[in-house]
Structures are given as C-alpha cells and as structure tokens.
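Listed features, source TrEMBL:
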type	residues	note
ACT_SITE	D88	active site
ACT_SITE	D305	active site
DOMAIN	70-381	domain 'Peptidase A1'
SIGNAL	1-22	signal peptide
Amino acid sequence: MMDLRYLLLIILALEILCVANGDNLVFQVERRKTTLSGIKHHDHHRRGRFLSSVDFNLGGNGLPTRTGLYFTKLGLGSPKKDYYVQVDTGSDILWVNCVECSRCPTKSQIGMDLTLYDPKGSHTSELISCDHEFCSSTYDGPIPGCKAETPCPYSITYGDGSATTGYYVRDYLTFDRINGNLHTAPQNSSIIFGCGAVQSGTLGASSEEALDGIIGFGQENSSVLSQLAASRKVKKIFSHCLDNIRGGGIFAIGELVEPKVRTTPLVPNMAHYNVVLKNIEVDGDVLQLPSDIFDSGNGKGTVIDSGTTLAYLPVIVYDQLIPKIFARQPELKLARIEEQFKCFPYAGNVDGGFPVVKLHFEGSLSLTVYPHDYLFQYKVV
C-alpha cells in the first residue's frame with residue numbers, strides 16, 4: 001500500500017470491447033511505462049497541470065508498476081506526418097512542437113521518434129490571425145493592438161511551473177472513422193491547434209516524458225472534441241476504455257452503442273469533469289464521513305482525469321479507509337520501500353484475504369474495486 005495518507009492505488013482498467021456507431025472516430029493510445037516512484041512523481045506534476053464518432057487506439061500496459069501517461073499518435077498536415085501527444089481530459093487545446101521551437105525536446109525515453117510540425121511543409125496549413133473569430137472567442141474579445149496577419153497567440157502555464165507558448169494554426173487532422181461492421185477508414189477534418197514555439201519545465205528538452213505535444217479533451221470550444229462536434233463530425237461525447245490484460249485500449253469520440261453502460265451525471269458548470277461520489281463502502285460497511293466531504297466547488301469534488309494514474313483521497317477519507325482494509329490482517333508487518341511505499345509479504349490470495357471496496361456515485365452507479373485492483377505485487381531486487 002502507499003503510505004501517502006491521501007493516496008489509494010485503484011486500477012480502473014477493464015478488458016472491454018467497445019463498439020461505436022458509424023459516426024465515431026478512433027485513436028490508438030499507448031501507456032508510458034515507469035516505476036512506482038515515477039508514477040507518484042508524474043502525478044505530482046500532473047495534478048498541478050489542471051487548467052482554471054473518433055477512436056484513438058490505446059497501447060502500452062495497464063499494470064500499476066508499469067504505468068505513466070497515456071499518449072496517442074495523430075496525423076497532422078498534408079502530406080500527413082505522425083505526432084505523439086498526451087491524451088488529457090484535464091486541459092483543452094491540442095498543441096504540438098513546431099520547427100522554430102526553442103528548448104523543445106528532440107529525443108524521448110518513452111520509445112518513439114519526435115517530430116517538429118512545420119506549417120510551411122503542409123499545403124493545407126493556415127495561420128490563425130489575431131482578428132480571427134476563433135482567436136476573439138478564445139480570449140473573450142478582441143486582442144488589444146491586433147493587426148491583420150499577426151498570429152493569434154496561445155500561452156499556458158501549468159500549476160507545476162511548466163509552460164508552453166506559441167500561436168494557432170489550422171490544418172488537417174487525420175483519424176480512423178468507423179464505417180460499419182467494426183471496420184475503419186482514414187478520414188480527415190480541418191481543426192485549429194497550437195504550434196508550440198517555447199516550452200519549459202517538464203515540457204522542455206530535458207524531460208524524460210518527452211512527447212510531441214498534448215491533446216486536450218476539455219469542455220472549452222477550443223478543444224478537438226468541441227471542434228469536431230461543431231463541424232458535425234461527431235456528437236460531443238467521448239469514451240475511454242482501458243485493457244489491463246494486453247495493455248492499451250481505445251479513446252472513442254462519438255456515441256458508444258456497445259456495450260450498454262450505466263452512467264452517472266457530470267456536475268454542471270464545472271471547469272473539469274466532476275462527478276458526485278456519494279460514499280465509500282468497505283466490506284459492507286459505509287465509511288462515516290462528513291456529509292460535505294465530496295461536495296463540488298471551491299476546488300473540491302471528485303474529478304475524472306485521464307492524465308492521473310492514481311486515485312487521490314482526502315486525508316480524512318484515507319485515514320478511515322486504510323484501517324478497514326487491513327482489519328482482516330492485523331498481524332501483517334509493513335515495511336517501507338523506496339522511502340514512500342509500505343509493503344508486506346503475503347502468500348495467500350489477496351481477494352480472499354482483503355475486503356472489497358465500493359465507490360457509490362450519484363444515479364445508483366457503483367464501482368466495485370477488488371483487492372487485486374488496489375493491492376499490487378512488488379518484487380524487491
């Protein structure tokens with residue numbers, strides 16, 4: 001178990017076949033591999049990065065000792081070139097590093113070649129000027145001092161101190177579209193995205209998690225999801241399905257028709273994808289928590305985020321949950337590993353020796369978390 005008080009490891013990956021309707025788009029997504037310490041380090045930075053029918057195929061491995069960030073391969077421009085970008089529901093815009101970029105990464109330890117986008121190398125590329133309607137709507141009005149042909153700038157500073165700055169362009173995004181009988185065919189759509197000129201922090205040249213950029217699936221009109229929906233390519237719906245057997249999974253934009261799934265509503269008027277977590281049940285007993293502990297607002301609430309590996313809990317919740325999880329095994333001897341993880345030797349079947357945890361959400365939706373989901377094996381070298 002993690003000795004972080006507010007941290008509980010819960011693998012929410014399921015092996016599931018997703019069948020979308022004919023208006024869906026598809027993207028393959030991969031999962032970066034890292035160490036346990038790497039997971040915590042990544043999430044520490046990722047949590048600071050929250051900003052105030054297409055399938056993206058996922059790959060990689062969903063095991064807790066080999067997880068990091070999700071990324072997918074996009075085709076941009078004409079002729080199409082491939083770019084690897086992080087899939088992120090916690091931010092909005094798509095941006096990639098561009099040829100004039102200063103301090104942009106040129107190598108990646110994740111295992112792929114990085115590519116700089118060149119607007120002049122694509123015959124369908126178009127500069128978005130500061131007097132463009134998109135620019136005005138993004139900045140809630142005209143930019144002071146804007147002159148014709150001046151690029152529309154973008155600048156994002158994340159909570160961990162990382163920053164990306166550049167300008168907006170329009171070009172073709174190539175994707176796989178489902179055309180019936182589980183077959184896909186490549187199609188493209190014109191979208192507006194950021195052309196990164198300066199990167200810093202974990203987005204810079206020295207980052208071990210280097211990618212070509214980030215694709216945000218937030219709620220703003222600037223997101224790829226919103227732009228595709230506005231052009232009537234798809235409905236403004238997306239699904240994230242993970243495979244913890246073979247690794248990877250799928251990120252589908254558009255309405256999912258199979259399998260039939262139960263849902264819980266999103267909290268309206270929130271900057272992120274908030275849901276209402278009603279209570280937590282352990283071994284049949286509901287934790288006795290303050291009634292407002294999971295309330296949304298003022299930076300509180302339960303957020304669904306594709307960029308965070310672990311599930312984070314308030315201290316008051318964690319402190320009640322952990323004793324109940326270990327109540328069946330009071331004789332266990334915990335040892336600290338890597339100066340932050342508490343581990344213990346156990347030869348039995350964890351599903352028989354530890355309790356089931358249930359998360360109850362609004363709309364009578366429950367998520368059952370088995371011991372093999374929140375406990376994981378760790379080999380001491």
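Any Cβ shown, glycine's included, is placed from N, Cα and C.
Since this is a predicted model, take the numbers as computed values, not measurements.
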Point to revise | Least buried by Cβ count (within 10 Å) of the active-site residues D88, D305 | key: D305
Check your understanding: Cα of D88 (active site) to Cα of D305 (active site): how many Å, rounded?
Key -> 7
Review point. Do you know the mean pLDDT across the domain 'Peptidase A1' (70-381)?
Key: 83
